[in-house]
Amino acid sequence: MRPPSLPPARWLCVLAGALACALGPAGSRAASPHQECEYLQMIEKQRQQCLEEAQLENETTGCSKMWDNLTCWPTTPWGQVVVLDCPLIFQLFSPIHGYNISRNCTEEGWSQLEPGPYHIACGLNDRASSMDEQQQTEFYDAVKTGYTIGYSLSLASLLVAMAILSLFRKLHCTRNYIHMHLFMSFILRATAVFIKDMALFNNGETDHCSEASVSCKAAVVFFQYCVMANFFWLLVEGLYLHTLLAVSFFSERKYFWGYILIGWGVPSVFIMIWTIVRIHFEDFGCWDTIINSSLWWIIKGPILISILVNFILFICIIRILVQKLRPPDIGKNDSSPYSRLAKSTLLLIPLFGVHYVMFAFFPDNFKAQVKMVFELVVGSFQGFVVAILYCFLNGEVQAELRRKWRRWHLQGVLGWSSKSQHPWGGSNGVSCSTQVSMLTRVSPSARRSSSFQAEVSLV
């Protein structure tokens, strides 16, 4: 005797909709139509495998293999109880430990599910009651509004910063070129978030469960590439500053192309590997969920390595700064070396991405709401902070803007006749690239001291 069951198609549709509403703590992605497709495709794959195995089995005196629309129950002799973990579909939203389901094989067939229906046996009632539907909706709307504002503000400020560093030729130097690539990585990351949201949460009438979801997969791949490139350009910032302070003589042009390869090339290699692996081993849905965690180490591993290297560089830079802040000839106007070290450290922490450590090492079972706020809302403002630190608070940028403002103020709106004599980037004084080249004419110790002063002046 088999327990009554709903028709498979109806069962699966009801389940997908119920889980998307009941398991809100999984994050805003729980409402994604593509994630519902992943659940349906996963269950369909398990169903086909179970039915194929059942057809190959011989008749037994016990209970034969059975598919109950969610779980495949193995062949079992009479009088035995089969205990299984809750289906993986319930664990996709958040790790659920300690919940099991069981059936007893009797002479009449399989018994009813114990300790009750799936939503009770797997603890969905407890999770759904922790936050009612209205509170969940308000929370997710607030999170989406928060990171939309953050990424929009970051995008606008980064575009302005890129324009400033591009238009003024006096600001063209290796250091600012690297800053511009870092800005671009944040711009692409913000753009990728908006594109991914459009692809994942499009409420149109498209058949999201069909194979015509290449655009959604491409959006997720682009998003993952932008995130990894963002980490690696933070690593490049650290490598450049460490080289500037620790190496007496080096070819900035040769090093710069190496930085380009690290910042944009290395992430593309790992993303291509990850894409190929997903196509062959996990090609269902929109690729925006973690089903096989081992595959995600192709992305997570290089990011964690870049964070580790940045942390090591951070310690080395702090050591160099302490040594360079002690000599009395570096600057006697500051109140104390420790105050300047504190200012430099505040600049280096976002530069080296140490703040990413807390995000990368959050445990999987950490409270989803708190993790979501940190990763989405707080992380969305990082581009804005970077633009403030490396452009708007840059002393050279401020001096150039003041000089241009004074020229515009004196000449007036129509006084551009002298523009041919004073082009956009033309200005008196030494450019930042000339400052670096002039360091080769002095001793290595004096060059390191001057380089250090140039970097600290950015604070």
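Each residue, glycine too, has its Cβ placed from N, Cα and C.
The shown structure was predicted, so the numbers you read here are calculated from the model rather than taken from an experiment.
The topological domain 'Extracellular' annotation in Swiss-Prot covers 31-142, 198-217, 278-293, 362-369 and is backed by a curator's inference. Annotated N-linked glycosylation site per Swiss-Prot: Asn58, Asn69, Asn100, Asn104, Asn292, in sequence order. The feature transmembrane segment is assigned by Swiss-Prot to 143-167, 176-197, 218-242, 256-277, 294-318, 341-361, 370-393, with similarity to another entry given as support. Residues or ranges marked as topological domain 'Cytoplasmic' by Swiss-Prot on the basis of a curator's inference: 168-175, 243-255, 319-340, 394-459.
Annotated features, which come from Swiss-Prot, shown on the structure.
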| residue | record | Cβ contacts under 8 Å, 6 or more apart |
| --- | --- | --- |
| Asn58 | N-linked glycosylation site | none |
| Asn100 | N-linked glycosylation site | Val83, Leu84, Asp85, Cys86, Ala121 |
| Asn104 | N-linked glycosylation site | Gln80, Val81, Val82, Trp110, Ser111, Glu114 |
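Long-range Cβ contacts of the transmembrane segment (143-167) within its own chain (Cβ-Cβ under 8 Å, at least 6 residues beyond either end) map to 28, 176, 179-180, 183-184, 186-187, 190-191, 193-194, 372-373, 376-384, 386-388, 390-392, 397, 401, 424-425. Per-residue pLDDT, averaged across the topological domain 'Cytoplasmic' (319-340), gives 59. Here the topological domain 'Cytoplasmic' (168-175) has, by DSSP, the following mix of helix, strand and coil residues: 5 helix, 0 strand, 3 coil. When Cβ atoms from all protein chains are considered, those within 10 Å of Asn69 (N-linked glycosylation site) total 16, not counting its own.
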